[in-house]
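Written below as structure tokens is the structure these notes are about.
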């Protein structure tokens with residue numbers, strides 16, 4: 001599996017069409033031509049699968065919850081537990097998240113029906129792009145983007 005733009009090893013998948021990409025720059029190029037209906041069979045299969053419902057467990061350790069979340073994703077889409085902790089420790093990210101507009105965007109994205117459509121729209125907003133770039137900079141510190 002390779003990035004659809006630069007053919008490097010991918011680290012992410014497009015939320016709309018699930019094609020692999022490796023960086024913010026490649027995602028931006030891809031989203032210009034993204035076709036969310038490119039994989040309708042996969043969407044039908046996923047929607048036909050029963051969703052796993054888990055009973056909330058009281059006093060469950062945060063690390064265990066994060067580990068369970070990580071285990072639910074595809075291998076190449078995973079973010080390491082350490083990188084998730086680094087996101088939580090980032091002063092820059094915390095500062096961005098103090099912005100009420102960004103917080104509302106995040107709530108809308110979390111609660112939205114068509115997350116891919118919302119993601120495409122939000123990636124046009126400079127504040128959201130700054131947030132995404134900040135997250136990627138923490139998760140991929142070796143990647144230096146010209147943005």
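Yeah, the Cβs are placed from backbone N, Cα and C, and that goes for glycine too.
Over in Swiss-Prot, the protein carries these features:
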BINDING   3, 6, 22, 26  Zn(2+) 1 binding site
BINDING   14, 17, 30, 34  Zn(2+) 2 binding site
MOD_RES   72  phosphoserine
REGION    45-67  region 'Disordered'
ZN_FING   3-34  zinc finger
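Structure coloured by features recorded in Swiss-Prot.
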residue	record	contacts (Cβ under 8 Å, 6+ apart)
3	Zn(2+) 1 binding site	9, 10, 20, 21, 22, 23, 26
6	Zn(2+) 1 binding site	22, 23, 26
14	Zn(2+) 2 binding site	20, 21, 27, 30, 31, 34, 116
Composition by DSSP (helix, strand, coil) of residues within the zinc finger (3-34): 8 helix, 4 strand, 20 coil
Arithmetic mean of per-residue pLDDT over the zinc finger (3-34): 83
Other same-chain residues whose Cβ falls within 8 Å of the Cβ centroid of 3, 6, 22, 26, the recorded Zn(2+) 1 site, in sequence order: 2, 4, 5, 7, 8, 10, 20, 21, 23, 25
Residue 26 (Zn(2+) 1 binding site), number of other Cβ atoms within 10 Å: 21
